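*Asks:* Feature table excerpt (Swiss-Prot):
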| type | residues | note |
| --- | --- | --- |
| DOMAIN | 99-302 | domain 'ABC transmembrane type-1' |
| TRANSMEM | 41-61 | transmembrane segment |
| TRANSMEM | 98-118 | transmembrane segment |
| TRANSMEM | 134-154 | transmembrane segment |
| TRANSMEM | 169-189 | transmembrane segment |
| TRANSMEM | 229-249 | transmembrane segment |
| TRANSMEM | 282-302 | transmembrane segment |
Amino acid sequence: MFKQSLIWYNRYVQKRKKGLDLTIKDRSWSNVLLGLIFKTVVLCFFGLMVIFPFYLMLVVALTSDEVVLNIREPILKSDGWHFENFRRVLEDGKYLNAIWINSLVTILSIILRLFFTVSMGYAFSLKKWKLKKLFWFIFLAVLILPESALLIGQYRVVVVANWNQPEKPAIILGLTMPFVASVFSGFMFRTAFEAIPPRIKESAFVDGCTGLRYFLKIAFPMVRSTTWTVSILTAFAAWNSYLWPLLLLTNRPDLNINLWVLAQGTDGNAGQSDEQIRVLLNLKMAAAILAILPMFIVYFLFRKRIMKAVGSRANTIKG
């Protein structure tokens, strides 16, 4: 019996050795070089797909009016460095006010969404409470509805609350309405809170920690990566929103950066027909660059902190 087992073991060792030899042969210098070339080509291809739209935007923004109006093909090279296009879109004096209102709406949307979704996620992460399954089913059912289907109800709430008057400060609350709550963000926080080992909560309560203190001092810091993810998604949604501000601010492009971009580059009066109004694409591209500039600045200032927070994992071992 022992001899037969030894024979089977030797055969197993020989098979493993052959497999190892094949692996070593497969990792020859030619295969490694081909793999490196393939990865480089793929990375360059997708890198160009990301960079090319920004390059095209910058080229068009620096092109003169004559070339933009007469060209019949895509502009891949500018006819000069017409930086005066940026000065022309800033002449109306509405850019800074639109940036300020947009920033205020974005910050307020992040704060309110974190407040509601963190509370929702933590509540549904608790083990048992009455009607938990019923409320969770109702919240998940909301995910079936598209965002456009909710606009009518949201607009009705804003009108009843009198938050749709652009000349009043309450318009800020009206602009933040669609971004205050999110079932998807609440689902993310629920999953993050449920991933915390139960022994941490048990140890905290043994040490005399109350429920609120445990939530603020232990549970919430441990879902920091989810907090940053929700904040980033909310910031992009609030900053790039167009349809909702268009409903509330039809004639006030100075209160939203995207409406300000839409209003730029039209050479004509309101009384003229569509054929008489010229659209200067270079001015629109210049305005678009100025619109995304604040987000780029914020990202480059906090990129290390954002990447560190998103990539971090909470320590689940009590020290």
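The chain as shown is numbered from 1 upward.
The backbone N, Cα and C atoms fix where each Cβ goes, glycine too.
Quick caveat, the model's predicted, so the values are computed rather than measured.
Set these features in their place in the structure for me.
*Replies:* With a threshold of 8 Å between CB atoms, the same-chain residues lying at least 6 positions outside the transmembrane segment (41-61) that come near it are 68, 74-78, 85-86, 281-282, 285-286, 288-289.
Residues 102, 105-106, 109-110, 113-114, 117, 148, 151, 154-155, 158, 164, 166, 171, 174-179, 182, 185, 188-189, 255-259, 295, 306, 310 of the same chain, all 6+ positions outside the transmembrane segment (229-249), place their C-beta atoms under 8 angstroms from a C-beta of that stretch.
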*Asks:* Taking residues 6+ outside the transmembrane segment (169-189), which of them lie with a CB under 8 Å of any CB in it?
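*Replies:* Contacts of the transmembrane segment (169-189) (Cβ under 8 Å, skipping residues fewer than 6 from its ends): 101, 104-105, 108-109, 112-113, 116-118, 120-122, 124-125, 139-140, 142-143, 147, 150-151, 154, 157-158, 161-163, 223, 226, 229-230, 233-234, 237-238, 241, 244-245, 248-249, 255-256.
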